[in-house]
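Swiss-Prot has this to say about the protein:
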| type | residues | note |
| --- | --- | --- |
| DOMAIN | 45-286 | domain 'ABC transporter' |
| BINDING | Gly77, Pro78, Ser79, Gly80, Cys81, Gly82, Lys83, Ser84 | ATP binding site |
Amino acid sequence: MANSQVAEKEKLDAQTNNQDSVATIVTTENNKKNTIPDSEKKIVYSTQNLDLWYGENHALQNINLDILENNVTAIIGPSGCGKSTYIKALNRMVELVPSVKTAGKILYRDQNIFDAKYSKEKLRTNVGMVFQQPNPFPKSIYDNITYGPKTHGIKNKKILDEIVEKSLRGAAIWDELKDRLHTNAYGLSGGQQQRVCIARCLAIEPDVILMDEPTSALDPISTLRVEELVQELKENYSIIMVTHNMQQAARVSDKTAFFLNGYVNEYDDTDKIFSNPADKQTEDYISGRFG
């Protein structure tokens, strides 16, 4: 390679914070863990011609997106592009906003979640949610984890004990907390609180886990632990994660959807999105030229 080409490549790498190299290396490792080819995976969510308004604000426009089971799907895009609105539509949390209205379909396991007869309670049991800020209840760690199972009628202490251990192990935090189960969750670090929230989500045995920027309020070490956990969880769950962190999307996801101005601008395998995007606006965004 000529010296001028080397210099240009180094300049590009600096501009993009090494996104391409991170994506190529890390997603290759991720794909080794995904031994089942995409062609053999079922579609867990199929969004078809979805439009969503907050009053007069047309927040989502003609969204068509198929999300595969046992994948980590990253949703990226600039602020206000519709990322968080989209994942909150997946469990109908958007309906908490009085002015919201929708058109189109979201099929979860082939059933339209907007059907009048579809149970929101059942949907939110099958589809767990982890928010940007850790939000444990002002209760003990034990009571946080057992809240969902108790709500669903489980009262037997032995069964609840087993759920607590299984859930905390699933969130990779059992060894840290097994001797502190009856202390207030507010006394934990931010990273520990977030993993307790993930454990609380696992306690109701969901099929899908939605994560809305789950590490944005965490320190780098806690962020790494949550990312490692996400990789482990995808063996048993389908994970859809909103993130502003391009390197995080490259590290943890199998598929990436780039949202822009309420549209899905591009959706593909993560390594392709980051190393060879089909659209110039996608390339500009992941390269840090806007956002």
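Cβ from N, Cα, C; glycine included.
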If you count other C-beta atoms within 10 angstroms, which of the binding-site residues Ser79, Ser84 is the most crowded?
Ser84
For a quick check of understanding: among the binding-site residues Gly77, Pro78, Gly80, which residue's Cβ has the most other Cβ atoms within 10 Å?
Gly77
Output field, ATP shell: CB within 8 Å of site CB centroid, site Gly77, Pro78, Ser79, Gly80, Cys81, Gly82, Lys83, Ser84 dropped:
Thr85, Phe259
